[in-house]
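Taken from TrEMBL, the feature domain 'DUF2062' covers 11-155. Per TrEMBL, transmembrane segment is recorded for 31-57, 69-87, 122-144. Residues or ranges marked as region 'Disordered' by TrEMBL: 161-184.
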Amino acid sequence: MPLRERYKRLKRWLKYKYIQLLRAKGGPSKVAMGFSIGLAIEMFTLPTFGLAALLIIPAVYLLRGSLPAALIGFLFGKIIYLPMAFLNRKVGSWIVPDNLLDGVRFHHAHWLNHVIRLLDQAMTLIVGGMIVGAVLGLIAYFPIRKLLQIYMHRRLEKRYHRKRTQEQQQQQQPQDPTPPISSE
């Protein structure tokens, strides 16, 4: 299969999935909830080496969100993670004490001391990411829900207008009093 045809198929499939997502059961609030869950979980996924991504499925089902929207939110979070990591570290440093793991030292295994130091840094990022992610998810929920509500409303208006014009066109056409001739 030529590359151009594959590209067209992929583009068509993505458009179909996008429309399917916009018209998901549960409406705009379910899609917005899913996006917010994915975005919030992505903010603390990197320091946990991807293990937090396993939280998406249970969180989506508990909070009744849309799984495809959660995955889109998760991918969007990956795009904005690097600039947000600085904020995550800052917020985490306000909450996690500086001397959290200072008492844990290994005298004969120096490599374990490096692991402890890494865990200390990761703890700051994880805690900050949880807080920033929750705030970002909450902030993202309302505009996304509103945009999807506007989209649904316009779509319904368009359908109503189309149906109305078809009815008017049918009324304007003269009715032929003779029945159609059947060919037997």
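Cβ atoms here come from the backbone N, Cα and C positions, even for glycine.
Within the chain carrying the transmembrane segment (122-144), a Cβ under 8 angstroms from the stretch's Cβ atoms is held by residues 28, 31-33, 35-37, 39-48, 73, 77, 84-85, 87-93, 95-96, 100-101, all 6 or more beyond its ends.
Note on the domain 'DUF2062' (11-155): its mean pLDDT in the predicted model is 84. Under DSSP, residues within the domain 'DUF2062' (11-155) fall into helix, strand and coil as 119 helix, 0 strand, 26 coil.
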